[in-house]
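These notes concern the structure reproduced below.
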Amino acid sequence: MTNDRVESSSGRAARKLRLALMGPAFIAAIGYIDPGNFATNIQAGASFGYKLLWVVVWANLMAMLIQVLSAKLGIATSKNLAEQIRDHYPRPVVWFYWVQAEIIAMATDLAEFIGAAIGFKLILGISLLQGAVLTGIATFLILMLQRRGQKPLEKVIGGLLLFVAAAYIVELIFSQPSLAQLSKGMIIPSLPNSEAVFLAAGVLGATIMPHVIYLHSSLTQHLHGGSRQQRYAATKWDVAIAMTIAGFVNLAMMATAAAAFHFSGHTGIADLDQAYLTLEPLLSHAAATVFGLSLVAAGLSSTVVGTLAGQVVMQGFVRFHIPLWVRRTITMMPSFIVILMGLDPTRILVMSQVLLSFGIALALVPLLIFTSDRTLMGDLVNTQWVKYIGWMIVVLVVALNIWLLVGTALGL
C-alpha cells in the first residue's frame, strides 16, 4: 500500500514537472503555421486536391526531429545554437552567420507581418497600410509580456496556436472534405506532374524554418527542475504535442483548399486575398471570416516569434543587445516600405520564402554536428540512427531548396 502511494506520488510529480516544462515548443511551432504556409498549402490544395497531403505529413515529421535536436542542445549544454557557433567557429565565419541569420529573420518577418496585415484588411475592410499599423500595435502589446518572463508569452503564443487549430476545425466542418480521399492523400505519395513536384518542394521549404531552430535552443537552455534526462523527456512531449497541432493545421489548410476550391473548379487560387474572396460565395461569410481571423492570429504570433528569434541571434553571435521594441520598430520598416511602394504582397511573401531557404542548411549542419558531439552533449548525444536520418534530411532539404531556387530563377 505504501509502495503504491509512493509510486502514485512520484507519478504525479513527474506529470507536474512535465507540465511545468511545457511551452517552448509551442512558441517554436508557430513558425510552422505562418502566412507563408497558408499561401503554399492553399495553392497546393487548390491545384492538386488531396494529392500532396503526404508531403505535409513527412515535412512535419522531419520538423519534429529538428526541433527536438534544437531543444536538446539547449538542455545539454545550457547554450543556444548561436552561442555554440560563436564558441566553436572562427570569427569571420561567426560574423557571416550573424549577418545571414539577421537577413533571414527579417525576410521571414516580412512575410509574417504582411500576412497579418492582409488578415486585418480582409476581415475589417480596411487598407493594407491600416492593417499594417494594427499589426504593429498588436505585436508591441504581445511583446510587452516578455517583461514578465517567458511563461506569460508562452501562454499567449500557445493560445494563438490553439485558436488557429480551432479555426481550421471549423473550416473543415464548413468545407466537408472526403475522409477517404483525405486519408489516401496523407498515406500514398503522389506527384502528378512537374508543377506538383515544385509545389511539394515549396511545402517542404516553407515548413522548416531556420530562425525557429536558433530560437528553440535558447528557450530550453535555462529550463530548471528535474534531471537533464527528465527535462529532455518532458521536452520530447512538448515538441510532440505542439508540432502535432501545427501539423494538423497545415493538413487542414490544404484539405480545406482542396474541398472548397479544387473540386469546385477554382484550381487557380494562388494568393490569400483570392482565397478569402472565393471562400465567401463557396462556403459562407462565416467561413471566410474564420479564415481571416486565423490568418491574423498566425501572422501576429509568428511575427512576435520572429522578433524574439532575431534577438537570440544577435545576442548569441555577437553578444550585442538592443531592446525588443527597437528591434520590432526596425524589422517593421521593410513591410511598410513594400506596402507604401504598392508592391504585390503575395509575390513579396513568396520571394521572402525563397530567400529564407538559403538559411536552412546553415542552421541544420552545425546543429547536427554539435548534437552528435559526445564531449558537448554527454548522455544526450545523438544515436547513430538519429545522425543518419538527420543528414538525410539535410541532403533532401538542401537539394529541394536548390531546385526551388533554380526553378524560381528560371521562371519554371
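Numbering starts at 1 and runs along the chain as displayed.
Every residue gets a Cβ built from N, Cα and C, even glycine.
Residues or ranges marked as transmembrane segment in Swiss-Prot (evidence: sequence analysis): 19-39 (among others). Remote same-chain partners of the transmembrane segment (19-39), defined as residues 6 or more beyond its termini with a Cβ less than 8 Å from a stretch Cβ, comprise 60, 63, 67, 70-71, 108, 111-112, 114-116, 118-119, 150-151, 153-155, 157-158, 160-161, 164, 206-207, 209, 211-212, 215-216, 219-220, 223, 225-226, 231, 234-235, 237-239, 241-243, 245-247, 249-250, 253, 270-272, 295, 298-299, 301-302, 305-306, 308, 346, 349-350, 352-353, 356.
According to Swiss-Prot, the feature transmembrane segment maps to 46-66 (among others).
The list of residues near the transmembrane segment (94-114) in space but at least 6 beyond its ends in sequence, with Cβ under 8 angstroms from a Cβ of it, reads 31, 34-36, 82, 85-86, 128, 132, 135-136, 139, 209-211, 214, 299, 302-303, 306-307, 309-310, 313-314, 317-318, 331-332, 334-335, 338-339, 345, 348-349, 352-353, 355-356, 358-359, 362-363. Per Swiss-Prot, the feature transmembrane segment maps to 94-114 (among others); the stated evidence is sequence analysis.
Here the transmembrane segment (122-142) has long-range neighbours at 113-114, 116, 153, 156, 272-273, 276, 288-289, 292-293, 295-296, 299-301, 303-304, 307, 325, 328, 332, 335-336, 339-340, 345, meaning same-chain residues at least 6 beyond its ends whose C-beta is under 8 angstroms from one of its own. Summarising the annotation, Swiss-Prot assigns transmembrane segment to 122-142 (among others).
Residues annotated as transmembrane segment in Swiss-Prot, with sequence analysis given as evidence: 156-176 (among others). Residues 23, 26-27, 29-30, 33, 142, 145, 242, 245-246, 248-249, 252-253, 255-256, 259-260, 283-284, 286-287, 290-291, 293-294, 297-298, 300-301, 304-305 of the same chain, all 6+ positions outside the transmembrane segment (156-176), place their C-beta atoms under 8 angstroms from a C-beta of that stretch.
The feature transmembrane segment is assigned by Swiss-Prot to 196-216 (among others), with sequence analysis given as support.
Within the same chain, residues 22, 25-26, 28-30, 32-33, 37-38, 41-46, 48-50, 52-53, 56-57, 59-60, 63-64, 67, 158, 161-162, 164-165, 168-169, 171-172, 174-178, 182, 185-186, 207, 267, 269, 275, 278-279, 282-283, 287 sit at least 6 positions outside the transmembrane segment (241-261) and bring their C-beta atoms closer than 8 Å to a C-beta of that stretch. The transmembrane segment annotation in Swiss-Prot covers 241-261 (among others).
Summarising the annotation, Swiss-Prot assigns transmembrane segment to 290-310 (among others) and lists sequence analysis as the type of evidence. Same-chain residues lying 6 or more positions outside the transmembrane segment (290-310) and placing a CB less than 8 Å from one of its CB atoms are 27-28, 30-31, 33-35, 37-38, 102, 105-106, 108-109, 112-120, 122-123, 135, 138-139, 142-143, 146, 153, 156-157, 160-161, 163-164, 167-168, 170-171, 174, 211-212, 214-215, 272, 275-276, 279, 324, 327-328, 331.
Counting residues 6+ beyond its ends, the transmembrane segment (329-349) has Cβ neighbours under 8 Å at 35-36, 39, 105-106, 109-111, 113-115, 117-118, 128-129, 132, 136, 270-273, 306-307, 310 in the same chain. The transmembrane segment feature in Swiss-Prot is assigned to 329-349 (among others); the stated evidence is sequence analysis.
For 350-370 (among others), the entry in Swiss-Prot reads transmembrane segment, with the evidence type sequence analysis. A Cβ distance under 8 Å defines the sequence-distant neighbours of the transmembrane segment (350-370), meaning residues of its chain 6+ beyond its ends; these are 36, 39-40, 66, 69-70, 73, 77, 81, 84-85, 88-89, 97, 100-101, 103-104, 107-108, 110-111, 202, 205-206, 208-211, 213-214, 217, 376-377, 382, 387, 390-391, 393-394, 397-398, 401, 404-405, 408.
Residues or ranges marked as transmembrane segment by Swiss-Prot on the basis of sequence analysis: 389-409 (among others).
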